[in-house]
Amino acid sequence: MTQDIIDNIAAEGISYYTPAQVPPAGTQVEGSTKLFSPLTIRGVTFPNRLFLAPLCQYSAKDGYANDWHLTHIGGIVQRGPGLAIMEATAVQKVGRITPQDLGLYDDGHIEPLKRITEFAHSQSQKIGIQLAHAGRKASAVAPWLSGNAMAVKEVGGWPDDIVAPSAIPQEEGINAVPKVLTGEDIGVLKKDWAEAAKRAVRANFDAIEIHAAHGYLLHQFLSPVSNRRTDKYGGSFENRVRILLEICEEVRAVIPTAMPLLVRISATDWFEFDDNLTKEFPESWTVAQSIRLALLLADRGVDLVDVSSGGIHAKSAIAIRSGPGYQVHFAQEIKKAVGEKLLISAVGGIKTGALAEEVVQSGIDAVQAGRWFQQNPGLVRAFANELGVKVRMATQIDWSFEGRGKKAKKSSL
């Protein structure tokens, strides 16, 4: 009597057994949408254009990733985002947003992150990491404790050691006045960003994103609201964007040629759209400047600009006109200007598959969702169902919806 040999094949290159995922979760197997079509950036192909945006978890001790980070990312990657980007991860200890933020400022941080990337790769998924520095917004407490309070020394904070382009606090009377970064400090910062990028490569990430948005350090350099420097890193547009361009060059030089490099920016501080705030802040970061910056980033080896907005000042939130896809039009303006020279992704209020498909059909290359993935790790499948197409999840999940394999035939004696 002969029997067919049917094997639950193992994923290749993984230190433990787990079934191979062929094709990967997130692959469109029936129907046709642009949202679930593949996107190739340099040497990496993403199965679809719905990405997981970075979501800070405020759950680390001394910068080290743990099981919370593994399960947070793991439950989502099993269900197939095109790319999962890990949260803002500090390039310097004083660059953490809170004492509980992730870090890549020490070699010891690599191994816990490798555990997460190995799991993602066991699922044939792509995973990136966002490298960040909070600047004057550092030493905060977790947002569920307070929307603006600082973490004091007694709870591991460093309110006396926060840094910024200029001695201007995020919120007068709430945040400490930051120390001004010297030219020497900026040189160290650039080196530390490059070192963190090298550690990200050693941790086996597939892509790197540089965080220059939401009022954190690099955005603080970009915006005249927070940058009053008189040296080569302040004043003119060319000077204010200099540090970001230099960091992009440093990072691009130390990562593999085939690795995608992303940059997240705030397209605007929002003050340009409010007459009262324009009077209070006559100079701010604007969409027009973001368009100029995007073209310069393309020349520095950046592959994709992830377009968000706001965060530079407590009053930024007052001006924001929220709603479905409330900042997508900024991404569309930038994409129209850069054309095929640069990939652009949109984020913010993209809550439905129909809206996500509409955005990519408009010419945007990818969309990102954050909180909606956190609420529903199966967002990829939910959007696919809404659009009437079939997209795979991990085999262990998918079969319970798609049915068992073919039954074995009785053998002849």
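Any Cβ shown, glycine's included, is placed from N, Cα and C.
The candidate list Q123, Q125, Q130, Q332 contains one residue that Swiss-Prot assigns to the FMN site with A53, P54, L55, C56, A88, R264, G370, R371, namely Q130. Of all residue pairs in the FMN-binding list (A53, P54, L55, C56, A88, Q130, R264, G370, R371), the one with the greatest Cα separation is 17 Å apart. Here H211 (substrate binding site) is positioned 12 angstrom away from L55 (FMN binding site), judged by their C-alpha atoms. Of all the binding-site residues given, namely L55, A88, the one with the smallest number of surrounding CB atoms inside 10 A is L55.
Long-range Cβ neighbours of A213 (substrate binding site) (same chain, at least 6 residues apart, Cβ-Cβ under 8 Å): H219, R264, I265, S266, D306, S308, S309, G311.
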